[in-house]
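Just below is one structure, and these are the notes that go with it.
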Amino acid sequence: MGHSRRPAGGEKKSRFGRSKAAADVGDGRQAGGKPQVRKAVFESTKKKEIGVSDLTLLSKISNEAINDNLKLRFQHDEIYTYIGHVLVSVNPFRDLGIYTDSVLNSYRGKNRLEVPPHVFAVAESAYYNMKSYKDNQCVIISGESGAGKTEAAKRIMQYIASVSGGSDSSIQQTKDMVLATNPLLESFGNAKTLRNNNSSRFGKYLELEFNAQGEPVGANITNYLLEKSRVVGQITNERNFHIFYQFAKGAPQKYRDSFGVQQPQSYLYTSRSKCFDVPGVDDVAEFQDTLNAMSVIGMSEAEQDNVFRMLAAILWMGNIQFAEDDSGNAAITDQSVVDFVAYLLEVDAGQVNQALTIRMMETSRGGRRGSVYEVPLNTTQALAVRDALAKAIYFNLFDWIVGRVNQSLTAKGAVANSIGILDIYGFEIFEKNSFEQLCINYVNEKLQQIFIQLTLKAEQDEYEREQITWTPIKYFDNKVVCSLIEDKRPPGVFAALNDACATAHADSGAADNTFVGRLNFLGQNPNFENRQGQFIIKHYAGDVSYAVQGMTDKNKDQLLKDLLNLVQSSSNHFVHTLFPEQVNQDDKRRPPTASDKIKASANDLVATLMKAQPSYIRTIKPNDNKAPKEFNESNVLHQIKYLGLQENVRIRRAGFAYRQTFDKFVERFYLLSPKTSYAGDYTWTGDVETGARQILKDTRIPAEEYQMGITKVFIKTPETLFALEAMRDRYWHNMAIRIQRAWRNYLRYRTECAIRIQRFWRRMNGGLELLKLRDQGHTILGGRKERRRMSILGSRRFLGDYVGISNKGGPGEMIRSGAAISTSDDVLFSCRGEVLVSKFGRSSKPSPRIFVLTNRHVYIVSQNFVNNQLVISSERTIPIGAIKTVSASSYRDDWFSLVVGGQEPDPLCNCVFKTEFFTHLHNALRGQLNLKIGPEIEYNKKPGKLATVKVVKDGSQVDSYKSGTIHTGPGEPPNSVSKPTPRGKQVAARPVTKGKLLRPGGPGGGPSKLASRPVPERRPIPQPTPQTAAAQPTPASRPVPQPVAAVAASHSRTSSTASARAPPPPPPAPPAAAGPKKAKALYDFSSDNNGMLSISAGQIVEIVSKEGNGWWLCMNLETSAQGWTPEAYLEEQVAPTPKPAPPPPPPVAPRASPAPVNGSAAVAAAKAKAAPPPPAKRPNMAGRKTAPAPPPAPRDSAVSMNSQGDSSGASGRGTPSSVSNASLAGGLAEALRARQSAMQGKQDDDDDW
């Protein structure tokens, strides 16, 4: 989210395709032409909000306006605000609940315009840009102490660890260790100050290392400017580093026994400031977190023991006190403390005494070593030596911990890119400022210089270099302040300080006075003022006054050789690890001072940051009381000024949000123009500049939204860039949709094919079981009973459960429930019928019932109305094993009895599906059914009283029962079996392409395989010959010869009767007797089905009967075999029509007729005898195409298929034009080709390929 100092600017780092609403630029349409759907998402800065979320949207740009906006948002718990890509954060001093997992997930994959300002948005941008553009990233967090820099750094680490993915155990271990560095380094490097309860007293640059997949594989930490002076002294109400209080309060018993750990009140270094606790912080729990972090990092128990041994040594070292002896020299007051410190450091106690009270001095003469003298120290000097040793041990211990963390975080794979997080304490202005504040403020000046170079100066320089029209903005360049501090020529503050230390190194007071004299040479610098005992530097954050006293001693930053000799004499290897350098007694070179080290570290930091793409977080401290809801306007206004927020806003408003070289721009966005790309390939043949212009033109970006530079294209607003990225994402989205559509089409095609195969299989074989059951019924009857015609139809199936007792819901379920039919019973058969019911005093009468046969019982169910409500109950339940005999007659009637022989009379039943009932009962009894068929039906009318019912065959069409006799009609012979199953009506196969499953031609889009398959030609259907508009169509009939009227010269009636009329013509001969109809096979037809007749092309068969469903029953003339044959495969042979008798001669002309003139009589006679001429051809109308040539050897269909018939075609034989269209198959082919063309055009219109 930062500005770029390079051609590949930071603004290019916006994610592509993240902002759906950002595409509403230009004409407000996506590349695909659809209106923007997620337009509301883009309204985050336009909807009603608290103030403005981006300071560049302020109507008035001033420090006061920025202050008012930040205050308004702060009072409504909106602590984050943008300045373009820079995030401004105000410390709320309380938990707002904005760092939960749900909030974190809401920022995944989003650009800053889609979501409210947040530190997670900065982290998302940095991670996305690193992963997408393969550029190193860094986040620079700046602000004064207590503004929230450390918290922001932790939240960035939290976000990156959450979204960086990677399920591998090593990657997860790396994430855990990175997160564990926070509590560990905070405990050793943070402390409570007056302004901040968790102030970082060191600078930290954490560099997270990632592989090519964006997964963390390692990390590296560089620390800067540890405030080691805090170890030995703090001002009132401040504390030492957290670890001392955690260790003193929460140390386990083994450390208390081994290291003599006591409460913090017992140690001078932790009790001098009279502050032992931090509100809201549990030091014991924090110590446990520190131990856990050490374990996660991988510190062994021995390493942890050594770390805490050094902490105990430092605490006990602070309790060493000195008093003046008789000579005025320092003497140790309590030797036991010295002995315990020696035990902890594992050195000799005498050496400790000597190192703390005596200084070894060596004289030299002519470059040679001279005498060595022991110089006693006074109490002040002894205390300084003691504190120097404590500070050196802690400083080196902290460096060792950082190095140990880096050792554990060493990358475990190839490192592709990194994200750096800089957390360093900010600008400090105290009542008394010394060398520490000078170093801190110097580093902040360097960071401010980076910000100016990368965001302000580089922006203007690039516009000038690219000849871009814009409004220049004046800004303060703090390079002069950095030069004032660090330059050697002319000498700066650090150079003067080093010179004073070198010339007057023995006496601190003299060195300070020498330093003051050197500062006089800087008086001409406008950013410097030298005053009595102090000097003032005009920093970007304000004027700071530094006290000179003690600066030279702090700058020396070297441990006395006596103390180095002391620690190197330790028998503890860990102590040697902390102090690895050997004392070189002959080295005369000046060791590097503290200012040299901080200068080198700052320059290294700047070089590191310049190699990465920066993002910025500017933190602001709202008040000095660490109080929530309190906003000190004057303090915040001061921070706004020294952070340069106003200049940043003005630069942002006047500049361009995105810039990129022409080649990179074209490489990224060439897909958006049809003139620069085709099917994903780059096709532009011109130069990259014209290609970039073409892309912007085709994407309809307004001209005021961009400018073309010398080598780059500049886009003014980020919304325009997000629109381009959204279009690019839409391109890939469309490609994915097309692939998905093709795949889904294929799946639907495959599914449709499978369904058709299944449907065909079920149609061919699904009813076989039912047919077998039907044929079994014939076997059970055994030719003993006449059959009804409907019973032996070819379409008859034994379906079984006709009432639907087994169905869920509906009347069948109601009947099952009312009859109490167990759910464990399998229903084999059910139907409605009648039962003969005898009533007292009345003759028996059939009554409706429902018969239900299960695998265990036969239920006779009755339905009665009781109190106007239908009551369903089982009238009789008969176990199937109790049925001894089933009695039926040998006639076609539907009556039968179930002979049970119990205490109840046997039921006499009437059921139209009796044969099916017998069959299912036979199978339920496993073939043990005793079916008795005879001339009478026997049943027990009363228990033990056998009765018979006579069956009389008469002319009754319907069975009837009366007075013990059943009347029925004649039936089919008893040996009758079911007819062959009739074939269904043949219909044209529905193509798989119907419903736009696929393009015509099959799944590959090529020629359809169906097209190459021979299609049988259907016989043309005779149609009436079309007539002209003047003549109404009449049914075609055989012409009857009529006498020709005599030709007369006049229509007047003659008065002569002398002429005799000719006798009437003889009647026509009677038609010949019709013979059997025959048909010729046009194609081969083969079938294994017994009900179908196989034929070969050219074979003549006899037509037995025709069905209206497209099948004819035919007989083979050679074998007399009969079967069904498809009508479309046959051509009926029409017997030749005999020649009609010649017309009778015309009657003799009357004698009274006048003589014809000029031989007209001969002409008339010739016309009468000559055959009539053929009908004239239809004239070829202008603009009408000539009819195509007729196909070879067309079969005469005796009807003209011409759509505009000629009335003269009464002979039944069409004209050449009609003959060409006589083939129905040809006409259908033409129609199908026309329909296919129409469908193809429609599909091409629908398809966006």
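Using N, Cα and C of the backbone, Cβ positions are placed for all residues, glycine too.
As recorded in Swiss-Prot, the features of this protein are as follows:
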- 1-40: region 'Disordered' (REGION)
- 50-729: domain 'Myosin motor' (DOMAIN)
- Gly143, Glu144, Ser145, Gly146, Ala147, Gly148, Lys149, Thr150: ATP binding site (BINDING)
- Ser371: phosphoserine (MOD_RES)
- 418-500: region 'Actin-binding' (REGION)
- 733-753: domain 'IQ 1' (DOMAIN)
- 959-1081: region 'Disordered' (REGION)
- 1026-1035: compositional bias 'Low complexity' (COMPBIAS)
- 1043-1061: compositional bias 'Low complexity' (COMPBIAS)
- 1062-1073: compositional bias 'Pro residues' (COMPBIAS)
- 1074-1135: domain 'SH3' (DOMAIN)
- 1127-1249: region 'Disordered' (REGION)
- 1137-1149: compositional bias 'Pro residues' (COMPBIAS)
- 1150-1170: compositional bias 'Low complexity' (COMPBIAS)
- 1199-1221: compositional bias 'Polar residues' (COMPBIAS)
- 1222-1235: compositional bias 'Low complexity' (COMPBIAS)
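Structure with Swiss-Prot features highlighted.
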| residue | record | DSSP class |
| --- | --- | --- |
| Gly143 | ATP binding site | coil |
| Gly148 | ATP binding site | coil |
| Ser371 | phosphoserine | strand |
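If you take the Cα of Gly143 (ATP binding site) and the Cα of Ser371 (phosphoserine), they are about 53 angstrom apart, rounded to a whole number. Residues Gly143, Glu144, Ser145, Gly146, Ala147, Gly148, Lys149, Thr150 make up the record's ATP site, and a Cβ search at 8 Å around their centroid adds Asn91, Asn196, Ser199, Tyr425, Gly426, Thr619, Lys621 from the same chain. Residue pair Ser145 (ATP binding site) / Ser371 (phosphoserine) shows a Cα separation of 50 Å. In terms of DSSP helix, strand and coil, the domain 'SH3' (1074-1135) has 3 helix, 29 strand, 30 coil. Within the same chain, the residues at least 6 positions away from Lys149 (ATP binding site) whose Cβ sits under 8 Å from its Cβ are Ile141, Ser142, Gly143, Ser200, Asp423, Ile424, Tyr425, Gly426, Ile617, Thr619, listed in sequence order. Here the domain 'IQ 1' (733-753) has, by DSSP, the following mix of helix, strand and coil residues: 21 helix, 0 strand, 0 coil. Helix, strand and coil counts from DSSP across the region 'Actin-binding' (418-500) read 47 helix, 7 strand, 29 coil. If you check the binding-site residues Glu144, Gly146, Ala147, Gly148, Thr150 against the residue listed as 'phosphoserine', none has a Cα inside 10 Å of its Cα. The most densely surrounded of the recorded positions Ser145, Thr150, Ser371, judged by C-beta neighbours within 10 angstroms, is Thr150. Sequence-distant neighbours of Gly148 (ATP binding site): residues of the same chain at least 6 apart with a C-beta under 8 Å from its C-beta are Ser89, Val90, Asn91, Thr619, Lys621. Across the domain 'IQ 1' (733-753), the prediction's mean pLDDT works out to 90. Residue density at Glu144 (ATP binding site): 23 other Cβ atoms are found within 10 A of its Cβ, drawing on all protein chains shown.
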